[in-house]
Amino acid sequence: MAKRIDISGLTAYYGSHKAIEDISMTVEPRSVTAFIGPSGCGKSTFLRTLNRMHEVTPGGRVEGKVMLDDENLYASGVDPVSVRRTVGMVFQRPNPFPTMSIFENVAAGLKLNGSYKKSELSDVVEKSLKGANLWNEVKDRLNKPGAGLSGGQQQRLCIARAIAVAPDVLLMDEPCSALDPISTLAIEDLIGELKERFTIVIVTHNMQQAARVSDRTAFFNLAGVGQPGKLIEIDETERIFSNPSVQATEDYISGRFG
Amino acid sequence: MKTDIEPTSTSAGSPPQVSARSTGRAGDKIFLGLSRGSGIALLVIMAAIAGFLAYRASIAISKDEANFLTAFEWSTGSTPMRFGIAVLAYGTVVSSIIAMVIAVPIAVGIALFISHYAPRRLATPVAYVIDLLAAVPSIVYGLWGALFLVPHLTPLYTWMDKYLGWTGVLSYQGGAARSLFTVGILLAIMILPIVTSVSREVFRQVPKMHEEAALALGATRWEVVRMSVLPFGRSGIISASMLGLGRALGETMAVATVLSPSYLINVSLLDPGGGTFAQNIASHFKEANDNGRDALIASGLVLFVITLLVNGAARMIIARRKEYSGTAA
Ligand SMILES: Nc1ncnc2c1ncn2[C@@H]1O[C@H](COP(=O)(O)OP(=O)(O)O)[C@@H](O)[C@H]1O
Ligand SMILES: [Mg+2]
């Protein structure tokens with residue numbers, strides 16, 4: 001079930017380096033929220049705090065609150081492993097498990113969650129691949145390695161793998177930046193369909209993409225090299241791209257820097 | 001290199017450039033000649049050595065009154081010579097298998113601990129000590145085995161005899177534990193460092209994106225290891241094991257120091273007796289006459305063939321699932 005994310009006062013560190021500072025925002029369920037901003041402003045870092053992947057990095061540390069509906073992901077006693085089962089993630093470079101077949105890749109998360117009957121597993125795999133608009137392309141070669149697909153197909157395979165466990169939220173970190181234009185279009189179409197069922201957050205360096213796929217857009221910026229990234233503003237995508245309320249946003253959108 | 005195309009792109013080039021290029025070409029030619037020459041020389045030398053050894057071995061085998069492959073004896077001091085490699089082949093293979101069964105799981109476990117579980121403050125010194133152990137000369141292991149391991153294994157073997165003696169393979173009649181099983185344990189300890197080191201390096205090279213793929217699905221640390229690290233490291237583990245197996249098969253001094261040899265195949269692995277190719281050569285080479293040495297050379301060639309077969313098998317295992325290998329993505 002798609003859930004609302006409520007972030008307040010979130011600061012993240014790499015060792016002693018403060019990468020993002022004091023970020024608060026709300027991400028609406030069943031919508032696409034895009035993160036834009038110059039490179040190094042902490043978009044990926046922030047995204048990775050939303051499923052507690054940030055702390056996997058040596059020295060990674062987070063302060064603040066992330067509420068998923070009414071559960072604080074950073075409350076003491078919350079297992080980061082279970083957080084990641086409800087908040088799925090798709091990475092910049094497609095990363096299917098290289099030793100697994102297409103079928104096994106999609107089923108990988110389900111197998112982690114416990115025992116499934118073989119028929120149940122096939123059902124979920126088929127549904128997930130259909131959900132990722134990949135079924136027709138791979139239905140005859142489910143037992144072939146996932147790494148044998150094209151880049152765009154691999155990325156949709158990774159999306160199928162992520163949605164197979166029925167997460168509440170889907171995080172995507174520049175999911176198209178390693179893909180050709182046609183594959184990019186396929187993923188963008190897919191995002192439009194997936195938002196019916198999931199809360200989607202997507203980092204993109206491509207402003208046209210943000211304008212095309214997202215309902216709301218958050219602009220991040222940093223004051224200078226070594227400074228922490230901050231949220232400048234978040235608003236309806238249309239407004240951000242036509243009439244932002246902060247000058248820095250307008251400068252960035254119109255290409256005056258970054 | 002199709003160098004004849006290049007001048008068109010740099011046709012305006014000044015004379016110094018041209019001469020620089022021609023020296024480069026001369027350098028290429030010299031290097032090519034050198035590398036080709038030394039390659040050929042190496043092949044010729046190796047072929048000569050192999051031919052010499054094969055020739056000596058064939059002399060010995062032609063003088064062998066017993067069956068070279070199946071006889072349970074080794075008497076080469078007097079004519080007619082009677083010798084066979086059955087006991088040596090059995091002992092070599094069995095002690096190496098024991099060593100692998102013990103060493104590989106432990107080595108993989110330690111390597112995973114160092115690369116994925118231990119905090120860096122602990123991982124670095126542990127890795128360092130393991131690398132250090134790999135450099136200890138094998139005679140030191142042999143002495144340690146004879147003076148420490150052998151007496152301390154007696155209670156273990158007595159215990160094994162009590163509960164597993166009914167298998168026959170693990171029965172124990174008492175006496176010094178100078179058996180193939182002891183050799184296997186010692187070999188396991190000896191190859192542990194190298195298998196650990198190589199596995200650790202492989203595990204460290206698992207791309208972060210593969211591990212994050214598992215983590216993002218909600219995998220625990222062990223599940224990350226199972227889903228990403230071990231599959232990626234599989235061919236590396238095989239290579240590391242083969243490296244260890246190569247050492248175990250050829251280990252000489254340590255085995256000769258620990259084993260109490262005989263030319264019998266004992267059903268029990270815990271009772272003394274048996275032998276290995278390398279140990280047999282080490283034990284006999286000094287006092288052997290020319291014929292005896294030829295016989296030992298023949299046995300050494302068999303060890304060589306076994307090593308080749310093992311390596312070939314490992315390569316086949318690695319190649320079989322190439323399309324699934326971690327490098328494809
Ligand atoms: N693994 C890391 N270790 C240390 N610092 C990092 C690491 N990853 C990112 N950073 C730093 O955090 C800041 C934000 O980086 P990132 O979140 O990747 O930005 P973006 O995704 O917007 O380009 C940068 O200053 C970067 O140098
Ligand atoms: Mg980034």
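Cβ from N, Cα, C; glycine included.
Quick caveat, the model's predicted, so the values are computed rather than measured.
Residues annotated as region 'Disordered' in TrEMBL: B:1-23.
If you look up TrEMBL, you'll see B:1-22 marked as compositional bias 'Polar residues'.
Taken from TrEMBL, the feature transmembrane segment applies to B:39-61 (among others).
Look at TrEMBL and you will find B:81-114 (among others) tagged as transmembrane segment.
The annotation domain 'ABC transmembrane type-1' is assigned in TrEMBL to B:89-314.
Residues or ranges marked as transmembrane segment by TrEMBL: B:126-150 (among others). Sequence-distant contacts of the transmembrane segment (B:126-150), counting only residues of its own chain at least 6 positions beyond either end whose CB sits under 8 Å from a CB of the stretch, comprise 110, 113-114, 118, 176-178, 182, 185-186, 189-190, 192-194, 196-197, 200, 251-258.
Annotation comment: TrEMBL describes B:170-195 (among others) as transmembrane segment. Here the transmembrane segment (B:170-195) has long-range neighbours at 91, 94-100, 102-104, 106-108, 110, 130-131, 133-134, 138, 141-142, 145, 149-151, 153-154, 157-158, 160-161, 164, 240-241, 243-245, 247-248, 251, 254-255, 258-260, 266-274, 276, meaning same-chain residues at least 6 beyond its ends whose C-beta is under 8 angstroms from one of its own.
Note on the transmembrane segment (B:236-259): residues 92, 95-96, 99-100, 103-104, 107-108, 138-139, 141-143, 145-146, 149-150, 178-180, 182-183, 186-187, 190-192, 194-195, 197-199, 201-203, 230, 272, 274-279, 281-283, 303, 306-307, 310-311, 314, 317-318 of its chain, located 6 or more positions outside it, place their CB under 8 angstroms from a CB of the stretch. Annotated transmembrane segment per TrEMBL: B:236-259 (among others), in sequence order.
The transmembrane segment annotation in TrEMBL covers B:295-314 (among others).
Sequence-distant contacts of the transmembrane segment (B:39-61) (same chain, six or more residues past either end, CB-CB distance under 8 Å): 68, 76, 81, 291, 293-295, 297-298, 300-301.
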